[in-house]
């Protein structure tokens, strides 16, 4: 009997050991679900440990019963979250494994996920052309290849071409052809202009070929006509008639016919390039001006794209176009820079020229100069971002972090410091209030508008998107610290300051010095700390210096937390082909062709910074007429135009991330900028004021205070569940627009 009991106890203990092993296995199965099921797994972990202790404590007779009940309870919990766990784990795996063309791009991707770095979407290396999509290949293809075309040629874009470009280009060719016919010796060129006049009125479905002397000269060196015709096109000089032919007609053409056509084609190139989507028209005009018009007229043949004229030798296609408009040209880049940023770059030259030469506003008003100078900041911000991304992607983390910290906020700081200096010299306190409004506007835009618009656009394409709530929680906590620190002096002044008003009147019409009784109405009231302190400096300054010291320290602690001690929050794997590369091992280039080298990026950064300083100086110089308009609040100008224009490249990057279902980076774009505004830019302004007193006091109006606090609370509530859709994005954008309405109808600061 005793032996039988011992056998039962041994068997029960064996089952207990098996149960413990199964429990550990189940816990390991649950661990991957922790990022999305933290509360369930912590609760489950606690119950598992408690269950193991209870099982070891009870008698052997009850162990079997408790074991079965415990396993059933455990399976119920696992079954309820099994499908969600599988989905979340697959999503985590897909998010943490990202493909990159080369290791330079991989380093850039890793920097995007590191806290503190500005997020950058555009490529810093040249992507292999053969790996691009067919849509992108079409953008960069030349117009000297005849491709099969089965679609309709009568499209809205082609009809628009006729009204925008075709009729006047064709008309000029017709007039030039008449001129060349009048000269008699230029009759061959007159015939060419007549053919090109018909061609440019409707060039679609037609082609221009080269025939005659050029190919004959090529085939003299290669009797079998196997010469490389493409090489002739690229390397041959201007093709003119041979010495045996009459040169007088050529000289007449170069003097009378060619110059006006160059002007016309240059204008067509410029306008079609500025419109971006009509870049095929620009390519067509540029190729005509540089190649076709320099050929002998007898070597040029115009026909339909489906036919080729043979005059003894095979012809070579020079120009063939089917569509004047391609809506995908928003993806077009020039040396790694988006075409829109390239087109806006001439604004910088225009702003500087008219701003510093036309001091008396003879040719442009202050409003025009302000608009041009403000718009010129957009491409400069793009170039600064591209330079930062290029250096960071080609360097180690330390160099990238220094460059990012140095130039990441240079655009905004340049404007703020320039405005404070100009306002101090002109004894104009309104510019200081404009700077505070711009700081608050940047904070509100990065907290509400950038995440909101990214959620809307991403949600419309992907229905529901998930993001890393742990990393977003770090940014949210830093936002709470930032807003609390920045507005601490304002709260301090409200708690211990005296309410001072400029003018008070009672209900009977008397002023504040009269003895009349009754309620008083006071205007321009504010809290003043000077009356409660005998210090020569502003009594808030010790608190301001303390806060300005603590905020960068908190920022550095956040960097250490996310990059060192808890780096697994941001860890990802970057795949290059079939090779998985860990972020710590991404250092080499391995044949990657970068758009900008490190030195070139540094030179561009410095030049862009200098130009940004000049444009910011022009903005602050010509902003006063805008501020003097009674219909618009100065607060509204600061929180909209001056705050959000420099952030347009960041908004574009965030939208591109959202469209690629990478909403985590979209949210980090705004959070990173907002944290840098509070923890870096404002302390730098305070430090600058300490060395060069411009009267900058870290006291904000009530509207700035409560709008910022309310925004942080709203965005943290939205980010709680780790999911986003277009409805949540709409909520953030609507809140942002409501706050803008408050600023629009709010009166301007006192004394402005």
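Backbone N, Cα and C define each Cβ position, glycine as well.
Remember, TrEMBL labels are computer predictions, not curated facts.
For 156-206, the entry in TrEMBL reads domain 'Inner membrane component'.
According to TrEMBL, the transmembrane segment annotation covers 159-182 (among others). Counting residues 6+ beyond its ends, the transmembrane segment (159-182) has Cβ neighbours under 8 Å at 189-194, 196-198, 200-203, 252-253, 256-257, 260-261, 264-265, 268, 271-272, 278, 281, 285, 324-325 in the same chain.
Distant neighbours of the transmembrane segment (251-279): 139, 157, 161, 164-165, 168-169, 172-173, 176, 179-180, 183, 185-186, 189, 193, 285-286, 288-289, 293, 324-327, 329-330, 332, 339-340, 343; these residues of the same chain sit at least 6 beyond its ends, with a Cβ under 8 Å from one of its Cβ atoms. Annotation comment: TrEMBL describes 251-279 (among others) as transmembrane segment.
Among the features that TrEMBL reports, transmembrane segment is placed at 337-356 (among others). Nonlocal intrachain contacts for the transmembrane segment (337-356), taken as residues 6+ away from its ends with a CB within less than 8 angstroms of a stretch CB, comprise 122, 273-274, 276, 279, 329-330, 363-364, 369, 372-373, 375-376, 378-380, 382-383, 386, 611, 614-615, 618, 621-622, 649.
Here TrEMBL flags 368-385 (among others) as transmembrane segment.
Taken from TrEMBL, the feature domain 'Sodium/calcium exchanger membrane region' applies to 370-484 (among others).
Feature annotation from TrEMBL assigns transmembrane segment to 397-417 (among others).
According to TrEMBL, the transmembrane segment annotation covers 437-460 (among others).
According to TrEMBL, the feature transmembrane segment maps to 472-492 (among others).
Per TrEMBL, the feature transmembrane segment maps to 543-563 (among others).
Annotated domain 'Sodium/calcium exchanger membrane region' per TrEMBL: 601-743 (among others), in sequence order.
For the transmembrane segment (665-688), same-chain residues at least 6 beyond its ends with a Cβ under 8 Å from one of its own Cβ atoms are 112-113, 115-119, 405, 408-409, 412-413, 416-417, 420, 435, 439, 442-443, 445-447, 449-451, 454-455, 458, 467, 471-472, 475-476, 478-479, 482-483, 485-486, 544-545, 548-549, 551-552, 554-555, 558, 647, 650-651, 653-655, 657-658, 694, 696, 698, 719, 724. Look at TrEMBL and you will find 665-688 (among others) tagged as transmembrane segment.
If you look up TrEMBL, you'll see 694-719 (among others) marked as transmembrane segment.
Annotated transmembrane segment per TrEMBL: 726-746 (among others), in sequence order.
For the domain 'Sodium/calcium exchanger membrane region' (601-743), DSSP puts the residue distribution at 114 helix, 2 strand, 27 coil.
Within its own chain, the transmembrane segment (397-417) has Cβ neighbours under 8 Å at 111, 114, 116-118, 377, 380-381, 384, 387-388, 391, 435, 438-439, 442, 563, 605, 609, 612-613, 616, 619-620, 642, 646, 676-677, 680-681, 684-685, 688, counting only residues six or more beyond its boundaries. Listed stretches 368-385, 472-492, 543-563, 694-719 were compared with the transmembrane segment (437-460); the greatest number of C-beta pairs under 8 angstroms is found for 694-719. DSSP places the residues of the domain 'Inner membrane component' (156-206) in helix, strand and coil in these numbers: 42 helix, 2 strand, 7 coil. Put simply, of 368-385, 472-492, 543-563, 726-746, the stretch with the most CB pairs closer than 8 A to the transmembrane segment (694-719) is 472-492. Sequence-distant contacts of the transmembrane segment (543-563) (same chain, at least 6 residues past either end, Cβ-Cβ under 8 Å): 114-116, 397, 471, 474, 478, 481-482, 485-486, 488-489, 492, 569-570, 675, 678-680, 682-683, 686-687, 690, 697-698. The list of residues near the transmembrane segment (726-746) in space but at least 6 beyond its ends in sequence, with Cβ under 8 angstroms from a Cβ of it, reads 437, 444-445, 448-449, 451-460, 632-633, 635-636, 639-640, 703, 707, 710-711, 714-715, 718.
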